[in-house]
Amino acid sequence: MAKPELMDYDKALELFEPVLGFEVHVELNTKTKMFCGCANEFGSGANTNTCPTCLGLPGGLPQVNHKAIESSIRLGLALGCEIAEHSRFARKNYFYPDTAKNFQTSQYDDPICHDGSLTIELESGRLVTVEIERAHMEDDAGKLTHMGGSTGRIQGADYSLVDYNRGGVPLVEIVTQMIEGAEHDAPEIGRTYVAGIREIAKALGVSNARMEEGNVRCDANVSLRPRGSKVLGTRTETKNVNSLRSVERAVRYEIQRQAAVLAAGGTITQETRHWHEDTGITSAGRPKSDADDYRYFPEPDLVPMAPSREWVEELRRTLPEPPAARRKRLQADWGFANLEFQDVVNSDLMDAVEATVAAGASAQSARKWWTGEVARLANAAGVAADSLVQPAQLAALIALVDAGTLTDRLARQVLEGVIAGEGTPAEVVASRGLAVVSDDGALIAAIDEALSKQPDVLAKIRDGKLQAAGAVIGAVMKAMRGQADAARVRELVLERAGTAESGTVE
Amino acid sequence: MTELIRLTAAELSSRLQAGTVSAVEATQAHLDQIVAVDTDLHAFLHVAADAALATAARIDARRAAGEKLGPLAGVPIAIKDVLTTLDMPTTAGSKILEGWVPPYDATVVARLRAADLIPLGKTNMDEFAMGSSTEHSAYGVTRNPWDRDRIPGGSGGGSAAAVASFQAPLALGSDTGGSIRQPAAVTGSVGVKPTYGAVSRYGAIALASSLDQVGPVSRTVFDAALLHDVIGGHDPLDSTSLTDAWPSMAAAATAGLADGALKGVRVGVIKELSGSGFQAGVTQRFTETLALLTAAGAEITEVSAPNFEYAVAAYYLILPAEASSNLARFDSVRFGIRVDPAEGSLTSEHVMAATREAGFGPEVKRRIILGTYALSTGYYDAYYGSAQKVRTLIQRDFAAAFEKVDILVSPSAPTTAFKFGEKLEDPMAMYRSDITTIPANLAGVPGMSIPIGLAPEDGLPVGLQIMAPARADARLYTYGAAIEQLLEATWGHTMLDQAPALALATTAKGAI
């Protein structure tokens with residue numbers, strides 16, 4: 001496919017005003033699916049988590065998962081939404097092999113949550129309030145794998161395999177109002193908004209919120225309107241953008257692409273577009289018109305829902321502190337500079353640091369260890385840092401350093417032992433024999449021996465050339481196999497040099 | 001053996017419990033009758049003879065071992081092919097499901113098995129329950145035991161014919177607009193459509209989800225009640241299933257046999273379901289029955305249900321709309337037949353289209369097209385939306401009527417059984433066969449059809465429809481049993497005693 005022309009981003013913004021809209025799908029982490037008792041889990045054998053209902057077999061009927069309704073309401077409340085007093089499911093009818101019933105059980109006229117907003121903070125400090133039109137419940141489709149052909153896409157495939165394990169998994173689709181006034185920040189708004197939704201879903205515990213596993217998926221709508229015009233431009237919908245960085249790139253790309261088309265006198269086709277992670281471009285999907293006819297009608301196999309106000313208020317009381325407020329509070333509590341705090345946030349280590357501090361470590365030590373040595377080891381192992389070691393263990397390790405039992409160097413070895421499953425830091429210290437030698441007797445013996453072997457150094461020290469002590473300290477540290485506190489050794493060397501008789505050290 | 005098959009389920013049950021008859025003997029007698037008459041009648045699409053005898057033998061052994069069994073244990077039953085069954089193919093009368101054996105039992109089937117009834121096989125029906133004559137089955141017609149040139153009603157013609165021809169004492173049906181009651185009426189049997197939500201729909205292949213209801217087919221009201229007690233009650237797998245604690249329908253039916261059971265009962269005759277359009281003999285038997293009721297102390301009043309006039313029109317929007325969506329899953333991907341297109345590429349879209357083109361019959365296609373249109377953007381409000389409003393009005397008509405009367409009555413069907421082909425080319429005429437039964441489905445109220453005699457002009461059975469308020473199913477059984485007893489006392493015999501000899505196997509082959 002010919003690479004389309006792109007307009008310079010700044011130039012595009014000079015000529016056009018971008019208008020955005022996002023549809024974010026959050027996959028809930030309920031134990032069972034939305035409408036049947038099958039397990040909602042990732043990675044099972046193909047088509048093993050299925051039953052007559054989620055396979056769309058004749059005679060199958062849906063049963064609503066009340067935990068999914070609860071999670072949806074909590075998510076809606078966290079987004080400041082109204083919770084509908086009367087809500088019902090509707091069928092969205094279309095034929096596709098990954099949709100077992102050939103209709104999706106979704107919501108149309110009466111979504112469970114509506115009219116909310118999320119305020120996000122950009123890196124510049126600019127606050128943007130994204131209005132949320134609705135958050136509704138629906139079931140996910142199965143997964144198609146296209147076999148044969150070279151691209152893995154449906155075009156050119158010989159046949160397709162379908163796995164219905166994901167079919168029927170509960171989703172909440174969060175739909176924004178039109179976002180105007182984004183200006184140059186449009187791509188960052190996209191990224192930050194999706195990050196905000198993800199953070200809230202994670203904080204609520206309603207979703208695993210792993211974008212790489214498709215727990216959070218974003219469709220990005222972008223249109224441009226010429227400066228000075230009141231008329232909205234034609235929009236495109238880039239589907240399934242599945243990382244925060246990609247959301248940002250896809251929005252930027254569409255702005256530049258559409259601007260080039262419009263500036264050249266062309267028109268934008270209302271269509272869905274595919275995002276290509278590898279090349280960083282979008283390509284045309286299927287035409288989409290506002291008149292797409294899904295023949296929605298109320299789902300007759302399910303009764304309408306009427307969540308009681310008491311229940312909604314009860315759920316409201318279970319909401320955690322909003323992530324943005326929490327971030328502000330923690331940064332202040334910890335006294336971190338912006339860059340230090342951003343480092344923690346970007347590494348997804350806020351919870352870990354918080355727990356480590358709660359276990360008694362100082363905030364700076366916790367930050368230093370998590371973003372330093374633990375992150376380095378995790379990176380090497382290709383796993384998440386917070387999966388390597390428990391915050392309590394790290395706090396215990398930090399306490400050993402603070403108490404002088406371990407030097408940083410020793411502590412790193414102990415950490416490796418803890419990660420290797422050798423026990424708590426104290427146990428590793430004991431079993432590996434890694435503690436700092438704090439027994440002055442042992443140190444003095446080693447110092448006296450070193451001084452007696454290096455009478456010239458002793459003489460220099462006595463002459464006030466204290467830097468000469470380094471040679472003795474080195475010898476002592478070597479003798480102690482590194483398990484000594486160098487500062488204490490230095491103190492003792494100077495002390496012994498002052499009292500020892502040359503050549504008659506005992 | 002002939003005697004065994006003529007017993008009611010209740011009578012057979014007594015003999016089974018007394019040990020004078022074994023379940024194997026009872027099952028064998030019905031299987032023999034199937035062999036004798038069903039080549040001609042074609043009530044069954046599948047007969048599970050070996051499995052039925054094996055089940056019967058197990059039940060006999062358990063009874064012999066002293067185990068306490070349920071009231072219908074060992075009684076054979078026929079199952080409409082719209083219900084999924086683990087060990088028998090389930091086709092809903094459609095080519096598209098030919099040979100499909102489901103991996104699960106419908107809840108009602110599971111309950112039959114748990115109550116130790118003996119499934120004999122699966123009965124014929126209009127494809128996906130769309131029809132009033134069973135002529136729309138992809139597997140051939142079922143003949144009416146009373147006149148082999150005539151339809152047995154539909155969609156559940158197979159279940160009604162099986163019961164009326166003594167191939168089974170009981171059967172299960174499903175009723176979306178009359179598919180249990182109208183076949184019962186034209187075959188001289190008893191059929192009940194319970195309150196919507198009284199019986200689980202899980203495993204009932206959906207025609208129109210908001211109208212479908214599974215119910216009993218039998219030869220007596222008490223037998224229907226016994227079966228209702230087995231299949232009814234809450235099922236968590238059906239979200240529209242009611243959580244009510246239901247009274248025993250069998251006890252309700254027994255209460256109807258008491259002296260004076262009809263005294264003071266307020267019976268409403270629906271003005272809009274009588275008069276023109278009804279066959280003379282149907283009206284005659286209906287009027288005679290009302291006279292009997294009056295004589296028995298019931299108070300007959302006429303009530304008006306002005307919106308019933310729009311019932312058929314509303315029904316033929318709601319039903320196709322829901323059906324068009326319910327039938328979307330028949331796409332060759334997961335089950336059923338697959339037909340590749342004659343030309344063009346083998347995309348999933350082309351294969352789905354070719355399969356549906358070859359697998360669905362003309363009536364099914366007609367309703368899918370109607371329903372797809374009715375749900376389309378821009379037409380939804382005018383069609384589906386308006387039809388739902390009519391539905392509300394019909395519910396109000398019922399509510400107003402039930403403020404004045406205890407039960408409502410009408411003829412079960414406008415005519416007796418019609419001849420094959422008579423209405424096949426005129427869908428509207430076919431649709432009007434259900435004019436009497438459709439309102440109950442739209443309102444969700446229960447309805448029952450019981451035989452009230454033969455129309456003088458053609459000697460064919462006429463049915464009386466009794467309707468009660470939603471959740472008052474027990475009322476149907478009480479007054480149904482009372483009226484049945486009254487009629488039989490008047491006739492001096494049961495309805496089916498008048499049926500022509502049913503040993504058709506020797507005479508019928510090739511005769512039609």
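Cβ from N, Cα, C; glycine included.
Some features that TrEMBL has for this protein:
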- B:25-476: domain 'Amidase' (DOMAIN)
- B:LYS80: active site, charge relay system (ACT_SITE)
- B:SER155: active site, charge relay system (ACT_SITE)
- B:SER179: active site, acyl-ester intermediate (ACT_SITE)
Using Cα coordinates, what distance in whole Å links B:SER179 (active site, acyl-ester intermediate) and B:LYS80 (active site, charge relay system)?
11
Suppose we draw a 10 Å sphere around the Cβ of the residue listed as 'active site, acyl-ester intermediate'. How many other Cβ atoms does it contain, all chains included?
36
Residues that sit under 8 angstroms from B:LYS80 (active site, charge relay system) by C-beta distance, when 6+ apart in the chain:
B:LYS122, B:THR123, B:MET125, B:GLY156, B:GLY158, B:SER159, B:ALA171, B:LEU172, B:GLY173, B:SER174
Where B:SER179 (active site, acyl-ester intermediate) falls in three-state DSSP terms:
coil
Note the mean pLDDT of the domain 'Amidase' (B:25-476), expressed as a whole number.
96
Enter the number of other CB atoms within 10 angstroms of the CB of B:SER155 (active site, charge relay system).
34
